[in-house]
Amino acid sequence: MSKRPSYAPPPTPAPATQMPSTPGFVGYNPYSHLAYNNYRLGGNPGTNSRVTASSGITIPKPPKPPDKPLMPYMRYSRKVWDQVKASNPDLKLWEIGKIIGGMWRDLTDEEKQEYLNEYEAEKIEYNESMKAYHNSPAYLAYINAKSRAEAALEEESRQRQSRMEKGEPYMSIQPAEDPDDYDDGFSMKHTATARFQRNHRLISEILSESVVPDVRSVVTTARMQVLKRQVQSLMVHQRKLEAELLQIEERHQEKKRKFLESTDSFNNELKRLCGLKVEVDMEKIAAEIAQAEEQARKRQEEREKEAAEQAERSQSSIVPEEEQAANKGEEKKDDENIPMETEETHLEETTESQQNGEEGTSTPEDKESGQEGVDSMAEEGTSDSNTGSESNSATVEEPPTDPIPEDEKKE
């Protein structure tokens, strides 16, 4: 059996007019693979632009350049990687890288400077090595070979373009050289049958489910152990999540129960208060308001009557008091007019006798004291008369009377 072909997409089939009339060709089989139908673009060999090796032109590979210097962080990571990996064997690669990144950030500037100095020194060496590399004979030979190959490819592309402009066929199909096909005297019918069976056999192999296993799907023992640890950690995490879900569900049920209890208690209290509510009769309230207004009006009328009666009683009591005061004033006036004459005559006699008796013995101080006593008595008499006149001024005005000293009254 021939080698299994690559999975290259098939090109668009050529029209039937361009199919060659070679012996052994039985129509166009759309299921045939391209690797078993030798086709060339442009009609002659050396013009296959899909693979440069088919035309005999190969672009050489450049020589290996010097390695670039490692960055300071990569130097530090390479230095402490084994230590961190040994202290944390269960962690993943990205977790170890995260730890090393934190350690690098925690370093001081002096500690980082060591790695920076190494990087700068290697960088200088790298620049010198690159200069020597670019001037090396191998690199110069690579440049020359590359330029020649590119020129040949450009020439080939120009030739292909010219052939396409002249109308030459874009694609021609030639029979493939298959070791299964051998000419042992069979007719064209047998050859076509063999080709048909071969093509179907190849198609069945291509479309079958049995493929070469991928290298990445091969699991090693170390990988299995890592996967087992990951499975265990995932199971532990799953159990934690389930426990948290149970706790959340319990708290939710507890809150729900409290809400239901509070709702029931509120409904019961509402029913009790609704049963205790008082029905308001607006007609009864209006009747009570009217009755209260009537009582208030009656009390107001009674107070007004009492005030009017008190005013009448006060007026009736004022009239006899005025009459009594007027009578008393007239009697006093009569009594004062009668003794006025006798008192005047007696006063003159007493004053003369006193003057005669006191001319030899009296002192100026005694005279002054006597005169002050007379004046004070006169003032008292006037004040008494004024009080009497003020008490009776509402009804009768009494005529002014002469003041009488108190000594004369005593005599």
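In case you wondered, yes, glycine gets a Cβ from its N, Cα and C as well.
Model, not experiment: these values are computed from the prediction.
What Swiss-Prot lists as region 'Disordered' is 1-23 (among others).
Here Swiss-Prot flags LYS3 (among others) as SUMO2 cross-link, drawing on a large-scale study or a structure entry.
What Swiss-Prot lists as omega-N-methylarginine is ARG4 (among others), and the listing cites a large-scale study or a structure entry.
What Swiss-Prot records for ARG40 (among others) is omega-N-methylarginine.
Residues annotated as region 'Disordered' in Swiss-Prot: 42-70 (among others).
According to Swiss-Prot, the compositional bias 'Polar residues' annotation covers 46-57 (among others).
Per Swiss-Prot, the feature DNA-binding region maps to 66-134. Across the DNA-binding region (66-134), mean pLDDT in this model comes to 90.
Other Cβ atoms within 10 Å of the Cβ of LYS92 (SUMO1 cross-link), summed over all protein chains shown, number 12. The feature SUMO1 cross-link is assigned by Swiss-Prot to LYS92.
Taken from Swiss-Prot, the feature SUMO2 cross-link covers LYS92 (among others).
Summarising the annotation, Swiss-Prot assigns SUMO2 cross-link to LYS131 (among others). Counting only same-chain residues six or more apart in sequence, none has a Cβ lying under 8 angstroms from the Cβ of LYS131 (SUMO2 cross-link).
Taken from Swiss-Prot, the feature SUMO2 cross-link applies to LYS146 (among others). Counted within 10 Å of its Cβ, the other Cβ atoms near LYS146 (SUMO2 cross-link) come to 14, all protein chains included. In the three-state DSSP scheme, LYS146 (SUMO2 cross-link) falls into the helix class.
Annotation source Swiss-Prot lists region 'Disordered' at 153-175 (among others).
According to Swiss-Prot, the feature compositional bias 'Basic and acidic residues' maps to 153-168 (among others).
Taking a C-beta cut-off of under 8 Å and a sequence gap of six or more, LYS166 (SUMO2 cross-link) has no contacts in its own chain. The DSSP secondary structure for LYS166 (SUMO2 cross-link) is helix. The feature SUMO2 cross-link is assigned by Swiss-Prot to LYS166 (among others), with a large-scale study or a structure entry given as support.
The coiled coil feature in Swiss-Prot is assigned to 220-319; the stated evidence is sequence analysis.
Under the heading phosphoserine, Swiss-Prot lists SER265, citing a large-scale study or a structure entry as support. Applying an 8 A CB threshold to same-chain residues 6 or more apart, the list for SER265 (phosphoserine) is empty.
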Between LYS92 (SUMO1 cross-link) and LYS146 (SUMO2 cross-link), what is the CA-CA distance rounded to a whole number of Å? 45
Between the Cα atoms of LYS146 (SUMO2 cross-link) and LYS277 (SUMO2 cross-link), find the distance and write it as a whole number of Å. 107
Cβ neighbour count within 10 Å of LYS277 (SUMO2 cross-link): 7
